[in-house]
Amino acid sequence: MTSSPRTFADLTTIRVGGAPRELHEATTPEQLVETSLDVWASNEPWLLLGGGSNTIVADEGFDGTVILISTRGISETSTSYIVPEGCAASGPDAPTSHAGSIIIRVQAGEPWDAVVSFAVTHGLAGIEALSGIPGSTGATPVQNIGAYGQEVADVIVSVEFLDYLTGEVESIPAAELGFAYRDSIFKRGRLGVVLSVDFALTPSWRSDAVSDATALSLPIAYPQLADALGVAVGDRAELSRVREAVLALRASKGMLLDPSDTDTIGVGSFFVNPIVTESFARTLPADAPRYPVAAPIAQRVTPLDGSSPMLFPGLEGPALVKLSAAWLIEAAGVKKGFGVPGSGAAISSKHTLAITNRGGATSDDIAGLAHYVQALVQSHFGLILRPEPNLIGLEI
Ligand SMILES: Cc1cc2nc3c(=O)[nH]c(=O)nc-3n(C[C@H](O)[C@H](O)[C@H](O)COP(=O)(O)OP(=O)(O)OC[C@H]3O[C@@H](n4cnc5c(N)ncnc54)[C@H](O)[C@@H]3O)c2cc1C
């Protein structure tokens, strides 16, 4: 192993954090397996890192080994198939819900947006609304990335996984990944490495388009995106137009990485939208946005007394609604662009939900602003916002 001159300020998109004690970069799947097993055998603390766009590390750094995942590759799987709509899918792993899809296998370190670009270019629908999300493909199932009406859980067939406990590689089907809103078994303690991910995408002919150039998206599910495209919710649009519209929307909100735009120097949304009981939601002002949550899936509920979120593991429970964390923050009095004097951290000037590094911020600056936002929201509305990123050596 080699000691690392690289700090987390270099390795993460929020650009804070000291150095790891050691860093190993894996560029092939074999190296990734071998390195992980070696590091685990040492019994030292370890941390997986892809694009570093959902990770914040303390200024002291990390007293352990970082496994930096830089594997690459997009391919059709050996079980890939094209089945006309209406016909039964064939192939050992072909789930009926993905009948007629094309399965692509993507190595964990492949940048996610390259996968979206590949799909759009090849006339494959299903992930176009996830354009412009930074980071690696292996991290996409970890928090079930989502945006503009699509979630990666909708298209994941399975992941190839190196299990920390057994040291074995196994294929885990999507149904066993415990997907929920920004959640999966990987966020709930299943330790190991996602080596590759299989996605089922819808080929253009299934969307009634005649060629890749005019391939159509899945039905547009998000009103703001439908408006931008000039179509109704539920309509389809050309894949390339959807991708361009999403990228433009994201850029207007500072949600598209751009080194020249300090509003993008962060981790995207800093807090997850709270999921609360319907009865609690009724205590909020009438104009607070509320979105019904589809049950039954594992859901975290933030109790009123501020104790740790509880988990309802897919059982019949109270009706749940998702709130808008951005609305709660603004309604609590935090404005876009707000920063504590003397701190290098500030709320994005384009989006209340993003905490950004304006240049020279420390991880304490980031955590301090996050605590301030949490405290205001708690005192106004009685709930504690839960941070979205993976925190190393920091408490928020
Ligand atoms: C500007 C901006 C906009 C964003 N917009 C969105 C958005 O719209 N929607 C959304 O959902 N997210 C968004 N994000 C968050 C982030 O991009 C995603 O969560 C992304 O999937 C993180 O990928 P990464 O490779 O950078 O993860 P990292 O930060 O490297 O890792 C995140 C977590 O996953 C673990 N991990 C990484 N790779 C693996 C692997 N192969 N196997 C197992 N565990 C692994 C890490 O240990 C860590 O716990 C945004 C971030 C930024 C900076």
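Using N, Cα and C of the backbone, Cβ positions are placed for all residues, glycine too.
Residues or ranges marked as domain 'FAD-binding PCMH-type' in TrEMBL: 16-204.
Cβ environment of Arg182 (active site): Gln143, Asn144, Gly146, Val272, Glu388 lie under 8 Å away, each six or more residues apart in the same chain. In the three-state DSSP classification, Arg182 (active site) falls within coil. What TrEMBL lists as active site is Arg182 (among others).
Positions annotated as active site, proton donor by TrEMBL: Ser269. In three-state terms derived from DSSP, Ser269 (active site, proton donor) belongs to neither a helical nor a strand segment and is classed as coil. There are 21 other Cβ atoms within 10 Å of the Cβ belonging to Ser269 (active site, proton donor).
DSSP gives Glu388 (active site) a coil state; it is part of no helix or strand. Look at TrEMBL and you will find Glu388 (among others) tagged as active site.
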Average model confidence [pLDDT] within the domain 'FAD-binding PCMH-type' (16-204): 90
